[in-house]
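Worksheet for the structure shown next.
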Amino acid sequence: MVLRVLLILTIVFGFVFVPVNVIQQVWTLALAEVAMMAYAFVILGLLASGLPPRRATWAFLLPFLVVLLLALATAANISVFVWVLLIPLLSHRLLGRRDGSIVGLSFLGLAAALMLVRFGFVPSVAQAAEAMDVLLCATALFVISLAHETEIVRVNRKLRARADLDGLTHLANRRRFRELFEQARYAAQQGVPSAARQVSLILMDLDYFKRVNDRYGHDIGDIVLEAVSRRLLAQCRQSDVLGRVGGEELAILLFDLDHADAMRQAERLRCTISATPVLARDHVISLTLSLGVATFRLAECSFEQIFAETDARLYQAKRDGRNRTHGEPVTSAARAARIEPAAREAQRSRGYEMP
Ligand SMILES: Nc1nc2c(ncn2[C@@H]2O[C@H](COP(=O)(O)OP(=O)(O)OP(=O)(O)O)[C@@H](O)[C@H]2O)c(=O)[nH]1
């Protein structure tokens, strides 16, 4: 948006500056301004046809700054230096905090040097005061715009975290979990050399968690969920992705482990949870986990596919008695039975008595 505004202003203001410079016979600057107007048209067109904004910004901003320096060096009046005030804001808005600061500060340094060269090293008091006004005002604007940019980065990070993380456990939420899977799959499909080739999904569901809520209350249930998440996270490798994909359902993506290793990791997690009860306020609560594990070639599976397969295996672990890990394919009869609880719940919610 800011880039588009700059491009349009370059074109519109060009219609004023070019005639003024022609009248004052500053030919080089007039020509450079005509070239920038044409270039702004081209960049607007390229943006409309899909040029990434970041590349368009670099492609336009650098020549724009060169032409501005040319204006500072050749324009007839000292008032041209007022345009320097624009640069801190422009560079931060267009390039962000780091690159914007580098470009902005470099430009301010060059502008100060040009001012010194053009208006003498020993200026009159009035000239020195004018120059000082412009340079100090530009420096103040630079600092203010840097503070503003820093605030924007902080708020954006906070919003991003809020959108990506589950509020209770601070693990990736379902949307982010899926996004990370899709990113890994895309890299595998593109043949990126560092991309994982294989993915295992472990789905974990606390057993009889409803009883924890019913017996100790929802707040204690929340503490338990947090504690379990922390314990699971402590067992994960750096490259694993742990997320909360449902109420008391957690999931891990493991990359480039074979299925036997993924099963071993799942068993380790199950034992971690069952071995030590959770201390929530003054309650000591024993818990168990049921787990489903499936392994796929990353480039060839969809999120729905791997999730449905692993969910069927998790459900089989529940059916087999809970507190266990199931990693084998599930028969179609058992898979069909997975539908049953949902259908029962739907019937119940419509007021039917279910056995
Ligand atoms: N405290 C708390 N409870 C939650 C949260 N999300 C889901 N739950 C509870 O998790 C429980 C899930 O219950 P069920 O789906 O019946 O499963 P379960 O009791 O764990 O039994 P099985 O999964 O069959 O072993 C429900 O009581 C939900 O209210 C949460 O964020 N905090």
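Note: Cβ is positioned from N, Cα and C throughout, glycine not excepted.
What TrEMBL records for this protein:
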{"type": "COMPBIAS", "residues": "318-327", "note": "compositional bias 'Basic and acidic residues'"}
{"type": "COMPBIAS", "residues": "337-355", "note": "compositional bias 'Basic and acidic residues'"}
{"type": "DOMAIN", "residues": "197-330", "note": "domain 'GGDEF'"}
{"type": "REGION", "residues": "318-355", "note": "region 'Disordered'"}
{"type": "TRANSMEM", "residues": "6-23", "note": "transmembrane segment"}
{"type": "TRANSMEM", "residues": "30-51", "note": "transmembrane segment"}
{"type": "TRANSMEM", "residues": "57-90", "note": "transmembrane segment"}
{"type": "TRANSMEM", "residues": "102-122", "note": "transmembrane segment"}
Within the same chain, where does the transmembrane segment (102-122) have neighbours whose Cβ lies under 8 angstroms from its own Cβ atoms, ignoring anything closer than 6 residues to its ends? I mean 6 or more beyond.
61, 65, 68-69, 72-73, 78, 81, 84, 87-88, 91-92, 95, 131, 134-135, 138-139, 142, 145
Could you tell me what the rest of the chain brings near the compositional bias 'Basic and acidic residues' (318-327), counting residues at least six beyond its ends with Cβ under 8 Å?
205, 207-208, 259, 262-263, 266-267, 270, 274, 288-294, 334, 337
Per-residue pLDDT averaged over the domain 'GGDEF' (197-330), given as an integer:
94
Which residues of the same chain, at least 6 past either end of the transmembrane segment (6-23), have a Cβ under 8 Å from a Cβ in it?
29-30, 33-34, 36-37, 40-41, 43-44, 47, 60, 64, 75, 90, 94
